[in-house]
Each structure stands twice: as structure tokens, then as C-alpha cells.
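Read through the structure below, which is laid out as C-alpha cells, and then see the notes.
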Amino acid sequence: MAQDVSRGWNFSSRNNVQHHTEEITVDHLLVRRGQAFNLTLYFRNRGFQPGLDNIIFVVETGPLPDLALGTRAVFSLARHHSPSPWIAWLETNGATSTEVSLCAPPTAAVGRYLLKIHIDSFQGSVTAYQLGEFILLFNPWCPEDAVYLDSEPQRQEYVMNDYGFIYQGSKNWIRPCPWNYGQFEDKIIDICLKLLDKSLHFQTDPATDCALRGSPVYVSRVVCAMINSNDDNGVLNGKWSENYTDGANPAEWTGSVAILKQWNATGCQPVRYGQCWVFAAVMCTVMRCLGIPTRVITNFDSGHDTDGNLIIDEYYDNTGRILGNKKKDTIWNFHVWNECWMARKDLPPGYGGWQVLDATPQEMSNGIYCCGPASVRAIKEGEVDLNYDTPFVFSMVNADCMSWLVQGGKEQKLHQDTSSVGNFISTKSIQSDERDDITENYKYEEGSLQERQVFLKALQKLKARSFHGSQRGAELQPSGPTSLSQDSPRSLHTPSLRPSDVVQVSLKFKLLDPPNMGQDICFVLLALNMSSQFKDLKVNLSAQSLLHDGSPLSPFWQDTAFITLSPKEAKTYPCKISYSQYSQYLSTDKLIRISALGEEKSSPEKILVNKIITLSYPSITINVLGAAVVNQPLSIQVIFSNPLSEQVEDCVLTVEGSGLFKKQQKVFLGVLKPQHRASIILETVPFKSGQRQIQANMRSNKFKDIKGYRNVYVDFAL
């Protein structure tokens, strides 16, 4: 038999199309487990003779391939009692070439493989050849794979879609933030595999780590830990402050590709900086690239319970200003995590499907900073004793909130709210730009008997459980909210925090105009006397900016109102905070908390009300000039403006879009005059067909995240 045997690369393209990997590449073999792929072997002198010759295949992955661990497999074309779960069979046989099919088991470890063959001829000679490398991925199209998803629209959305929206804002105004996942962009698959190899698990025990890569539960925990950099040289450094001079403000990012490529190009040095939505978006990119169905989830009014009692304690002073506390319990305006779809054979039946994974480094899980996978169904049913980190996730969506007044060194309980945590849990709809509310997946309806029963069951399980120290380790900044970093022209209103059975006077804030950046904030305090007696009120009002972690800054505006109410009377007290008063105190998140603490002359009871206002910017407008066709020039107009009544400097426009731009585009605009509106034309050549999205962001010395997007359909070249 001839010694010249090579892999038939003319079949690589067909294989990749059949395995849904052609978006990644058609130049190299990239296939999914549990599904056959074809190779053509070419011979010199004479062809392969079944019955006389035998072809033995060897596949290896990892630095220490091992038959016992499953990272090395040896299997015969003739299949003479081969113990290997890998199989091969003959498709066609010609005079000088042979086409064969190979199939990895649906439990095989994912990663980069080396393929070899040994040819045992009837003459007794054995010849070995190294055919080359291929990459094996999870297969959500294979019913036997643990990540199998039986809906093609869902597979297209949660595996194949390379752009989406991350929902931000507040529960009263939910804003979609466009994001370029870019999981099929050039080099991303290589970076994802490198990420696995840089994990602490691989560095400690590479043989076992590679063997466990067949489990989506294991791989998801490894990736979750590697997205943050708290234990290792992970992808992102988190930062929750106002100083980002040595990196990028998290609000500026519009996609994962630039982040992952920067991490790779700098020798795997963590990229500065990320917050919850950035961690979740990058993890979505990696997981979709590896073949695990993944989506990004936003939870509004997300609890951070640091002591595991399912109670979030908030403290206020006598002006209504929220205070820090030793426990550092907080309710975040929103928090973002991932759901990944997988079977859970490690749990009782019925707890597979969507699993929560949270890459934001908040608490430790088994000694590393990661969270999950936690079964969404287990969270809904209060089964907080099931792996992994279910108590922590349960508290994020279903903790109770206790409000306290701190005065004279004493704490006075104001109110316990059972419904303020976990609202409008959101994700992008399937094959649509609309928002899908999935709150019912996480908990029963607030106020229902089932919801309270589940809460009490979870609380009882936690009390009965022996933590043996702390299953989740020491806290890590951020201990408070992951920030609200996008526009929110409406506001979150917290009702009066006085027990409802004794409320005789209520207070409420109402905005008179949308709170736009650069304009005065006009609002009124509504006071209503629901009793049949006269009421004299003294109300202390204040306003303070909030940082990314929810920590308040010192008040920059204060007022005192004296209001006399006749029986059943309602009055309004007008208020205005000028732009000059708040501009120099505003945090990057554009968050302002206005508070009022009222007291009656004849009663020791206090009435607390607050409102969180997020100032809004005008969005960027993107126009596509002409038809978008693969490999043909395309002009894109980007219209932007300075919304402020003052000059802004260091303006930079960033534009990207998978399949449209080879790399992220940066345009340095310099100075923009007050209220100035301008536009630029960008030229590009689309290189992928189908539905695409352009994402844009503009930053300056005064603002960081004016965003815009435009969907574009790219046709094949005629």
C-alpha cells in the first residue's frame, strides 16, 4: 500500500455546513460530537482493500491523552470488537481513494483533537500517518448530547445568533442595550479554547481537566470562573468606582470580540474593566461558540444577600438618605447573568434545562469566584439545597427587603417588603428584537400563597443546613449593586415605607418632565392626608448621586417643606434641581436618588419615600446608504450630537458589527460644541450574509455611553 495518505480537504466545507460551524470557518475541520463527519483518504499505487487491509484511527486531545480518561480513542474501520465509543465506517471505495465517516460519542470531551491512522495491510506491514487537527464542539442538534435543545428557532437564537440586547435601566423603564457577541468571528474559537487551558483546573491537573470537558456542567463552571480575573488571569477585571483612567469604562463596550482579542493579544492579561452585563455578555459569546445554548438575563431590583438569611437590610438617616451598612446588603437596580441549557444528571429528575451562571465576581463557590449552574426550576421551587449556589441565586430574585431608620445610634424598623426584589426578569425574544419577560420561570406570582410557601421552604432549608464555615467565601467588591449604566428617563418609585395599617398620610414623588441630561430636573412631592384630622408635616428632602455599586455620595441638594393638610386633602410641593447643581456630582451611571422623610407633629411615626432617577441621552442614529451585499462596498451614516449646553472634549465614536466590519472602528471626533449635531460616513465591505447588526457608542469627557444600533440584512453577491 502506498505511503501517501492525506485528508481530503475538499470535504471540510461540507462537513462544517452540516455541523453548523461554517460561520466560524470553512478552511479547517470543525465538527460537533454525536454527529458523523466525512474524510477522504488518497492512496498511491493501489487502493484500500476491505477484508485484506484494516484502518485504525487514533484521536487524542489535551497534553496527556489517556485511553482510560477518554482523551485518547483507538477504533477500527473494520470495527472488530472495538471497545471505543468512537466509530468509523466505510462510505465509498475507489481505485485510489476511500471515503470514510467518523463519529465522536455525544459525551466526548470538547476541544482540539489530533487525528492519526494506522494502516494494517494483508502483507503484514503497519504504516502510521498523522492526518492533522480538528476541533470538536458540543452539539445541541444531537438528542443524545447533554446540551440538546429540541427547537430549531431556539437553537438559532441561543447558539447561532451573534448579536442581541442586554436589558438595563429600571423596572419602570427597561432599555435594550445592543451587543455584538461575535462568537463566530476570526480567532474567537481559538481564544475560547485557550481560555479553557488557562483555567486553574487545567493548570493544576490538565489530564483530568481535559477528560471532564465532556460535561457542560463542568465546562460552564470553568468558563464562569475564567470570565472574571479574581482567581486567575481571566478575561476581565471588574471595577465599581468612578476612576477608569487605566482602562475602559464598562459602559463604553459594545461587544465581546474586542475584549476577547485584547485579552489574547496581551498574553492573557485581564482586560480593564467590566461589570455585570459585560461579564455576562462575554460569557455568552464563549458558551455559544463552544456550542452550549446560552442567553443573557437581566433581573431588575436584584437582591444581594450577604449573610444568607433571605433578608436585604437597608438603612436610612433622618433626611431619607440611604446609608451604607456593615452587612452590605443591597438591592441593585438591575443585575445581569446567563442561562445555559443542559441536562443535570447530577440532580434529581426534572431539574435540567435552563441553568443560572453568574460570572460577576461576588461570592466564592467551592473556593473560586463563580456562581452556578443553578437550576432555574430549583430556584422557583425553593430547592436551595441543590447544586450549585442555588441559595445565592434564590436571594437575588426572591429575598425580602427590610428598611430601617437610624437615629441617635438606634435602629427603628420602618417596613418589610416581600415583593420588591426580583422584577421583570428579561431576555431577548427568540428571533425577535422584543423583550421576553421570564419572571414566572423563577418564582410564583408575588403575593400568592405558592410564592410565600416556597420562600418559607427555602428559609427552612437554609436554617437547617450546616454550612461548615461558609460555602460561599469572603465578599468581593462589588458588595453592592452592579451599576445602572444606561439611560432611564423614567424612574423607580418606592412607596411610603410606613406600615399600611397605620398610614394616614402618604408621600409620593412625581416627575413633571422627562429627566434629560443637561436639563433641570423638575418634580413635585405629593402629600395626601387620608384621615379626617388636620395634619402638620415637616418633610426633609435631599438628592444624592449613586455610584456603580449603589453606594450613595453626599447629598448635593437639600430642602425642607412644611405642609399643612386638611382632612382628605392633597397638596403638591414643587421642587427643581438645576443642571448646574447636579452636573459636577453625577456618577457615570447618571443615577440620582431623591428622598423625603416626613414626620407629623403629633406622631412619632416617620414616612419615607424615595425615587431613583436616571438621566437620559439622545441615542445615535445609524442609516445604511444603499443595499448591503456580500463583498461589495457599503456606506453607513452615523448621526450623533452633544446633548449638553456646554462643550465636550475627547469625543470618540466606536462602531462594530459581526460580518460587517473586520474589526472595531474608532473615530476620534475631538471637541463638540454645545448642542452640536453632526454626522460621519463610514465605508465597509460586508463579508457575511444574513441578518446583521451595527452597534455604536460615543464617549467624551462628560459622558461615556451614548449608544445606537441598526439591523442590516446582507444579501449574497449576485
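Just so you know, glycine gets a Cβ as well, placed from its N, Cα and C.
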#### Entry: Stretch carrying region 'Disordered' according to TrEMBL (options 228-257, 468-497)
468-497
## Note on the structure
Rounded to a whole number of Å, the separation of the Cα atoms of E451 (Ca(2+) binding site) and D358 (active site) comes to 24
### Query
Rounded to the nearest angstrom, how far is the Cα of C276 (active site) from the Cα of D358 (active site)?
8
### Query
Out of these recorded positions, D358, D400, E446, E451, which one has the fewest other C-beta atoms within 10 Å of its own C-beta?
E446
## Note on the structure
Among the recorded positions listed as H335, N398, E446, within 10 angstroms of C276 (active site) by C-alpha we get H335
#### Entry: Which of C276, N398, all recorded positions, has a Cβ with the fewest other Cβ atoms inside 10 Å
N398
### Query
Between H335 (active site) and E446 (Ca(2+) binding site), what is the CA-CA distance rounded to a whole number of Å?
19
